[in-house]
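Input: a single structure, listed below in structure tokens.
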């Protein structure tokens, strides 16, 4: 492979950075060498010698990764174990084994075949889903990267074939295939830019820098004879730490995280880098953060096991009754029944050993009454869930219009769990945000510019105007006022009454990415006419100069594109360009800006000498650049968090402070992200003295170097003069605020877990209305070093416990009913909060807060927080994310949802469901989750009802016939009952049932709470259905026996035999259970009509066909319908009477409930049926206003707070006017 070559200008970008690129130095002694003795530091890497690591003791794993549950060896044992975790399957396995004995009442095939079919089908589904995961793994493992093959030659190799010690060359915009030590880059000083969004969620680029000694390794040929040794820490999940030594040319160099390139991060703004592989495959830090893929079961399925236990206990009870009855009959009754030939004994019947006969009859009874436990339930549920998943996959409302990506149910086991979610744990970057900032407003010299409004301002103003005009609706209908005035070019998005959205065209200028500012006072050079034009000029120059961006010419547009470290910088540079100050060039020591003061003038390029650049970091919360302009004046330009900048203003620099603070608060209330801008003019002597001290600190060797640099930087960043402030809109993904608002109205709690710094996470919280002005923020944080002694750890824990206790007490004592609390915690504090002795107090505090934001958290911590919420609350959790850093929490949550976005597919591969954008989560939960929960719950309850109604009639008949083990039904009837005659109606219930339409689900989000409250699968409803089955079995059996027992049922005087009674009884069962399911359904399609009434028709067709078959096949069923029962009016009258007797109580119950104590969906159904939603809009809107859970988060809650604020202002104004009038 040819040499890539250095950048032509050989720019040393490291000189831009004061803090990020501290150069490691050679360690000539042991003073600063990392101590790597003892456990945890045994890793030895022989660079450029991958063969050395293929044998012990250095036998490191390959770079192959797997996210599957099974492999070829483990599939059968693990899959079989999964199937027989189901209690019913264990019972039927036992029954199948017993069917091989002589005491079985049925043939062995009739018991073994259904079990094999059910288990085999479920295992095939598991294999298919895991195969999809395997194919995703194959895609990742088959990626290619350039690897050193020897003698300075590089060639492409699959990721999975990379070994520890390999030298790899990664090119721009490629992912790193393993954890690497950076050796050199396309830049002369060995720096590179890395995007770690997949690891920690941060969008701004990180700067990495190689060791000085490896800089000559700048082309392929340089590696022909390269050898070195790395001694470092063992594989671990910490993304932010690394400790090791690099031994090269008889010198030892300390390594730290600034030289490490982690797998799944991406190379940006750098043509290429060379690196040596340190950790591969599951040893890499991103895979160390992955948790074991666990087998997930829904809460309904787990509860179903408990029902099976109850039914099995009941089965054992009636089997024991039958066994005891048989033993009693054997000893005392049968010896006197001469026609039974009591002298012929066997192990099944022996009057002298009734206990033994009773025991063998127990086995017979266990198999005979097995219909109480429906084996077809599981296979029916599997079929229903697969069809439900198909509907989710094909829902056009969850298909991304831009990419065409549909929603995908990657497993169908958890469909109903979607309807029972209590807490959502969400990643931020790529999930809530789309990594784009828009410049919207600014404050310069105490004057606010920018006439465009945020969504919060638009909705609140519209609602308040409607109140003032007397056309007010309830506050809870504020979600109708969603309007995105900048979504698309010249369009607004407004939610309609049916829950859909409509695009309303309005004239706008063409949109510029990153710039949504509108104000003619500053555009087209009009700013020169403003009173403070000089301050405005400084504002624009600060935007154009105070950054670390690199411009690249764009041949298509003739302008420039900017390689920036953060989206904020991109928005500021776009704004500067639109205002007429275009950043055009950067050299080693200068920045060039093309300035245009009016639209008619040609741009004038000015050069600014960059003397120093003090970049942003999370501790400083500010950035400064010191430049010399073309007049020779030295300026310090600074931007940063307003709290930091305002504290550093000089006494004479606060002229605009009061007005600027007012504007900052207004921007914050509007959900905008703010920074303050300030400047300072430096004298030559002052700057020279400071710079000498600064250079001295920069060349210092020792652990205090960075702290000293920060101290000296702090000295010059004081006595500033305030220029103004910026307000940018952190562009969320389309529909995110609306989705969060709807989910909040549905009663769901939302936590945000992000690797971003606290300030960024808080801004996003405001943007998507998880935070709002007036919400009391509880910030848990601590400042300690990474390595803590036991005493310091104890003190830290005590400090955190005190913070948690104080915050909990504050919430408890709060008396304002509208007060809301937000909990914000960083990763370092979270490390202690998740310890066993603190986690319960932390969780208790968190659940009492309206929203929770965890910042700077590692992937492992995301998983641990998810586990804490899941296990601590005992409620259903859903985790959603888009990157490799989210895999742990996606696997740990009850439901994992992956965003199939631009960056990688790791989250999707580990997920249970995938969607292309966060906004589709609303429909996935509120519509499909609600439907699936109710469908599955009703389906299971009905299944137990029909099997109890059927199975107990067998017990009654056996008791009626001296516990003989005789079944009243023909074997074919029993075989067809669950397989044909009642299977399709219940499947149609599980697939097509809708209590309300999808539009109504979205309009009435509070309906979703029926799932988390488990209204349709609580013990009251389960036992109610069981009781219904018990009543139906009694009605069916005893009414039929009473009708047919003592009288002729035909005109010719014939009495009914067992075949006629059994067939009549079975007909009543088929009618009763199918009419019952028809009464249960709220929504009918032609398919349901076909399945329900078709099942009844199928029974009669079967009777005709069975009766017409040879008597050798049909036996006592020969011509049973056409000749025996069909001509008898009593048969048809009994069918009608028994069917009505079974279903009238249920009909009375639901009629009473709808009239006296209706559920929410009952009210909505009646409104829709009588078309009151069209005829009586006021009532419809009133009902909609009730259909929202009270919440302190979301857009509606934010608008309500804004309305309260406006109303208070209005009342104060009215009061002051009244006082003035009276005076």
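Counting starts with 1 at the first residue shown.
Glycine is treated like the rest: Cβ placed from N, Cα and C.
As the structure is a computational prediction, the values presented were derived from the model and not from experiment.
Looking only at the domain 'P-type ATPase N-terminal' (45-112), the predicted model's pLDDT averages out at 80. Sequence annotations record features per position, and here TrEMBL assigns domain 'P-type ATPase N-terminal' to 45-112.
Look at TrEMBL and you will find 84-100 (among others) tagged as transmembrane segment.
Feature annotation from TrEMBL assigns transmembrane segment to 106-124 (among others). Residues 79-80, 83, 89, 92-93, 95-96, 99-100, 367, 375-376, 378-379, 382, 971, 975 of the same chain sit 6 or more residues outside the transmembrane segment (106-124) yet have a Cβ under 8 Å from a Cβ within it.
Summarising the annotation, TrEMBL assigns transmembrane segment to 307-329 (among others).
The transmembrane segment annotation in TrEMBL covers 359-379 (among others).
Positions annotated as ATP binding site by TrEMBL: 427, 428, 429, 569, 616, 639, 673, 754, 755, 756, 856, 862, 885, 886. Residue 755 (ATP binding site) is surrounded by 29 other CB atoms, counting those within 10 A of its CB over all protein chains shown.
Summarising the annotation, TrEMBL assigns Mg(2+) binding site to 427, 429, 882, 886. Of all the Cβ atoms in the protein chains shown, 33 others lie within 10 Å of the Cβ of residue 882 (Mg(2+) binding site).
The active site, 4-aspartylphosphate intermediate annotation in TrEMBL covers 427.
If you look up TrEMBL, you'll see 467-511 marked as region 'Disordered'.
Positions annotated as domain 'P-type ATPase C-terminal' by TrEMBL: 908-1158.
As annotated by TrEMBL, transmembrane segment applies to 943-960 (among others).
Under the heading transmembrane segment, TrEMBL lists 972-992 (among others).
Annotation source TrEMBL lists transmembrane segment at 1019-1039 (among others). Sequence-distant contacts of the transmembrane segment (1019-1039) (same chain, six or more residues past either end, CB-CB distance under 8 Å): 307, 937, 941-942, 944-953, 956-957, 1065, 1068-1069, 1072-1073, 1076, 1134, 1137-1138, 1141-1142, 1145-1146.
Residues annotated as transmembrane segment in TrEMBL: 1059-1078 (among others).
Taken from TrEMBL, the feature transmembrane segment covers 1090-1109 (among others). Within the chain carrying the transmembrane segment (1090-1109), a Cβ under 8 angstroms from the stretch's Cβ atoms is held by residues 972, 976, 980-982, 984-985, 987-988, 1063, 1066-1067, 1070-1071, 1074, 1077-1078, 1117-1123, all 6 or more beyond its ends.
Marked as transmembrane segment by TrEMBL: 1129-1148 (among others). Through the fold, the transmembrane segment (1129-1148) approaches residues 949, 1028, 1031-1032, 1035-1036, 1039-1040, 1043-1044, 1049-1050, 1064, 1067-1068, 1071-1072, 1075-1076, 1079 of its own chain, all at least 6 residues removed from its boundaries and within a Cβ separation under 8 Å.
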Which of the listed binding-site residues (427, 886) has the least company, meaning the fewest other Cβ atoms within 10 Å of its Cβ?
427
Using Cβ distances below 8 Å and needing 3 or more such pairs, separated by at least 6 in sequence, tell me whether the transmembrane segment (943-960) contacts the transmembrane segment (84-100).
no
How big is the gap, in Å, between the Cα of residue 755 (ATP binding site) and that of residue 886 (Mg(2+) binding site), rounded to a whole number?
10
The domain 'P-type ATPase N-terminal' (45-112) resolves under DSSP into 30 helix, 3 strand, 35 coil
With Cβ-Cβ distances below 8 Å as the criterion, list the same-chain residues six or more beyond the ends of the transmembrane segment (307-329) that contact it, or say none.
86-88, 91, 354-355, 357-359, 361-362, 365-366, 369-370, 372-373, 940, 944, 948, 955, 958-959, 962-965, 1022
Cβ proximity for residue 673 (ATP binding site), under 8 A, sequence spacing 6+, ordered by residue number, returns 437, 568, 727, 728, 729, 730, 763, 766, 767
Residue among binding-site residues 427, 616, 856 with Cα closest to the Cα of residue 882 (Mg(2+) binding site):
427
Given residue 856 (ATP binding site) and residue 886 (Mg(2+) binding site), what distance in Å do their CA atoms have, once rounded to a whole number?
13
Sequence gap of 6 or more, C-beta under 8 Å: which same-chain residues meet both conditions with respect to residue 616 (ATP binding site)?
622, 623, 640
Give me the CA-CA distance between residue 886 (Mg(2+) binding site) and residue 427 (ATP binding site), in Å, as a whole number.
7
For residue 856 (ATP binding site), the number of neighbouring Cβ atoms whose distance to its own Cβ is within 10 Å equals 24
